[in-house]
Amino acid sequence: MGDSPKCLRDSLREALRRREDKLCRRKLTILPSSSVDFSSNDFLSLSTSPAYRARFLDILQQAPPLHPFASGGSRLLDGNSAYAEELENFIAAFHNAPSGLLFNSGYDANVGVFSSIPQPGDLIVYDELIHASAHEGMRLSRAGKRIKFPHSSPDGLRAVLQAEITADPRLLQGRRNVFIAFESVYSMDGDVAPIREFVEIVDQLLPYGNGYFLVDEAHATGVFGPRGSGVVQELGLEDRMFVRVHTFGKALASHGAIVLCCADTRDYLINYARSLIYTTALGFPFLASIRAAYELLVEGKTEQLQHKLGQLIAHFRTGLDNLNHKDSSTFEVEHFTNSPIFSLRSSVPRVLASVCQEQGYTVRAIMPPTVPAGKERVRVCLHAGNTVEEVDGLLETIATWLQRMEKQKARL
């Protein structure tokens, strides 16, 4: 008799044990409410904004009596509403887009776009650090080939495209579509993609206009660009992007996402994006919260928050630059100008994160598989609601930890 088969629970426990051994097992945690937030994506601090809350409640109160809070079904069945379509038009107008289509999350939006739009034989070229949701969508895609290029590298994109064009002349002839996918702002290092350079390269190598850009603006929404409209609008490149995805769960303190695109693409997604078709649509409270956030953006009511956030970013960056540390393996800062996201690289990120948390500052150690091995870091996110005193307190905590680490190394 052979060995009896493992039960499912044994297999699950073994998988978790392997992650535990690699120090990369994920767990849900709850930190004290008194902790200072330097971790969340609530960049504008709208989630605690009295102005945002008042606008949201006002929209709810304006609804007719007995207006249903739940959508009741998929957008294609009973879940659609005039309010949802008006909201899509309102957001699309703000972003200078022909039309938009709401999804329940940025994850659903990316899965819907990547899984349905590329056609058989098409090529997807994507930044190696693109969101996991894009990878999920690509796995479901009918595209003939998917190939990554080095992170935010114009030369890397050029090399990949040139190699593919050489291998398949139909690309140069405009007989096959090429989708170029990237994020405008990346979540781990906060760096901004060289979008203008990408456009120039695609124009040079694909002169028949068969290169289509798919850009995820999740971490740019509300923070970058005029009135928080995003990096693409800051560059004036709206017309060059085939699809833009803006999400509402970060700086806008709500939930969901919108795919900005032309009317034909919107209609195609309604017919083919399974992550839209086979899920219950957003209910009225979610739509109202999205509307409240965008009304504040449109009216310029968040520009002061953007300005304050920018001041805190500059202050924190200066403080980090002034830290007296000698060993880059212990501590190294990666930061892109004007980004609220800071990457504090360390060989012991869990130790640094724990020290900060003990002092009342919420930061997170980011470990593999979320980031590649050797790229571990403590991720710090600044918010408009943070104070200079809180930022200085975090800097002091980091400085004290660095001094202790250097003394320990000196004894060795």
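Any Cβ shown, glycine's included, is placed from N, Cα and C.
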Per Swiss-Prot, which one of His95, His135, His219 shares the pyridoxal 5'-phosphate site with Gly106, Tyr107, Ser187, Thr247?
-> His219
State the three-class DSSP label for Tyr107 (pyridoxal 5'-phosphate binding site), counting H, G and I as helix, E and B as strand, and everything else as coil.
-> helix
For the binding-site residues Ser187, Thr247, the largest set of other C-beta atoms within 10 Å encircles the C-beta of Thr247
Going along the chain, which residues six or more apart from His131 (substrate binding site) have their CB under 8 A from its CB?
-> Gly106, Asn110, Glu183, Ser187, Asp216, Ala218
Recorded pyridoxal 5'-phosphate site residues Gly106, Tyr107, Ser187, His219, Thr247, farthest C-alpha pair in Å = 14
One should report the C-alpha separation between Lys250 (N6-(pyridoxal phosphate)lysine) and His219 (pyridoxal 5'-phosphate binding site), rounded to whole angstrom, as 7
